[in-house]
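Annotated features, as they stand in TrEMBL:
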type	residues	note
TRANSMEM	12-30	transmembrane segment
TRANSMEM	42-63	transmembrane segment
TRANSMEM	84-103	transmembrane segment
TRANSMEM	115-133	transmembrane segment
TRANSMEM	145-164	transmembrane segment
TRANSMEM	196-214	transmembrane segment
TRANSMEM	235-257	transmembrane segment
TRANSMEM	295-318	transmembrane segment
TRANSMEM	339-359	transmembrane segment
TRANSMEM	365-390	transmembrane segment
TRANSMEM	397-416	transmembrane segment
TRANSMEM	465-487	transmembrane segment
Amino acid sequence: MLGDKNQSVLPVAFSLMASFVTAISMFGLSSEVYTRGTQFSVIIISYVIATPIIGYLYLPVFFKLGNLSLYEYLEVRFGRLTRVTTSLAFSIQMIFYMAIVLYVPALTLEAVTGLPQSASIVLVGLVCVFYSTMGGIKAVIVTDLLQALLMYASVIAVVGVAWYETGGLSEILEISNRYGRINFGNFSIDPTVRHSWFSILIGGCFTQISLYAVNQTQIQRFLTMKDYKTAITALWCSLPLVMVISLITSLSGLAMFSKYYNCDPIKSGRISSSDQLMPLYVLDTMGSIPGLTGLFIAGIFSSAMSSVSPILNSLAAITMEDYIKPFKKQEISDKKRVYLMKILVLVYGSVCIILSFLAKYMGAVLQTALTIFGVIGGPVLAVFTLGILLPYINQKGALTGLIFGLTFSFIIGFGGPKPPVENLPSYTNSCTIFNTSASSTQLPSSYYKGVLHEDGYVYLYRISYLYYVVLGFLVTFVVAMIGSAIFRGKKRDHNPDLFTPYVANRLKRRGRDNEQS
């Protein structure tokens, strides 16, 4: 599943970018900017902060060990039960995430071609399962390069058409600024503020680390490279790719607003969800231009496939390594192993296709995806961080912390009703079919700041979803430290390779000092 470990930098860099800069980002980020402004766009700064942490704290450990399953590390460090619990949490996270990814192209085809969502979900799912089964991780990386280019082309086309129709970038920005869509000034430290500089940078940084540093999907990509130096180069090369596509996608949200600012398609009833804004925009502006609508559809489908296929490969690898091989007394032959992996890809793909039919009930795709990543990603990141940084953390402490962290995260993420977040004002003044227009009544200041403090909601459930990953991390980290102090076992001599370079060097020096004494 790792190919021949000679992948070059550029394809892997594009693959790293394409795996999580998906149709969810394209639809979700653009609709976020359209409805609530540009504040969320500052998340690209968190990518810059997170990249060196990923590359120099976590990646050296996992690349040196070279395990097919990232969670083999946890068995060596904390025991088998911790490994199985963590890999199970990851599997649940990725299954629900894939369900959302498969759902997004259905929005496109429904808006552009009229094809039913159910048919689109099944179609995309079957295609992803097919080439994941046939090609493995090498095929995924090769196709990711083409798919990433299609993603770039489709978003650039959206901005380019708006640029031409409105009379240039300055006009897009002027209209957006006039109606309050360009807003970067929320520096509130209130945790109930949905999007502020603090929530976006802190939550974004933790989320990015959890997605790139301790995620089997991404580690599997790094391990296709010949050495650590090449892998770290690919990581740094992926950073500008992610930043540029994020900026262009944010600009596409402003571009769409410059067209619909006086006839909001949600209020006028043309669409039922803000996640359908981009497909509608493509239909309205590119429908008469030969090839552009097809390019957009190809970009959306490619972004879905570039995410689903590597995840299916990763889930199959984890299941094989963590749940099948340990119960086989005899060594599994290569032929049988390949056959079982293909069956597992088929099973996981079928489950995700079924769950995709429920995705429309989960809310806005961007916030739903980040909530899923935060609820599970925070505790999982904490366990790996404890493993590579603190030698005294033991199995009982790590497992106790993980269980407490996951429980707390699920409670805060899904345990109760959350207050709705209002959009910035929108209007229907120029709609030709409807005579209604948005009210110009001034709303409370908290409305514009995104503060979730409506009466009747428990404070815990009013906290910004971007802090879920941070809170899950902290609960796991603290409980694990306390648990390890309480459940002290026999002192073990750890393999320095299990720790980040700084800690490993300290352990080696301590070992040499003990030998000399």
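Just so it is clear, glycine is given a Cβ too, placed from its N, Cα and C backbone atoms.
Caution: TrEMBL annotation is automatic and unverified by curators.
With a threshold of 8 Å between CB atoms, the same-chain residues lying at least 6 positions outside the transmembrane segment (84-103) that come near it are 22-24, 69, 71, 74, 117, 121, 124-125, 128, 215-217, 304, 307-308, 311-312, 314-315, 318-319, 322-323, 348, 351-353, 355-356, 358-360, 362, 365, 368-369, 372-373, 375-377, 379-380, 383, 399, 402-403, 406. Residues 70, 73, 184, 197, 200-205, 207-209, 212-214, 219, 222-223, 228, 231-232, 235-236, 239, 242-243, 246-247, 384, 388, 497-501 of the same chain lie 6 or more positions beyond the ends of the transmembrane segment (42-63) yet place their CB under 8 Å from a CB of it. The transmembrane segment (115-133) and the transmembrane segment (235-257) are not in contact, since fewer than 3 Cβ pairs between them lie under 8 Å (pairs 6 or more apart in sequence). Count of Cβ pairs under 8 Å against the transmembrane segment (295-318): among 12-30, 196-214, 235-257, 339-359, 365-390, the largest is for 12-30. Highlighted: of the candidate stretches 145-164, 235-257, 339-359, 397-416, 465-487, 465-487 has the greatest count of Cβ pairs under 8 Å to the transmembrane segment (196-214). Packing against the transmembrane segment (12-30) from elsewhere in the chain are residues 40-41, 100-101, 104-105, 107-108, 140-141, 144-145, 147-149, 151, 154-155, 158, 211-212, 217-218, 221-222, 224-225, 231, 234-235, 237-238, 241-242, 245-246, 249-250, 252-253, 256, 275, 277-278, 299-300, 303-304, 306-307, 310-311, 364-367, 369: each is 6 or more residues past its ends and has a CB under 8 Å from a CB in it.
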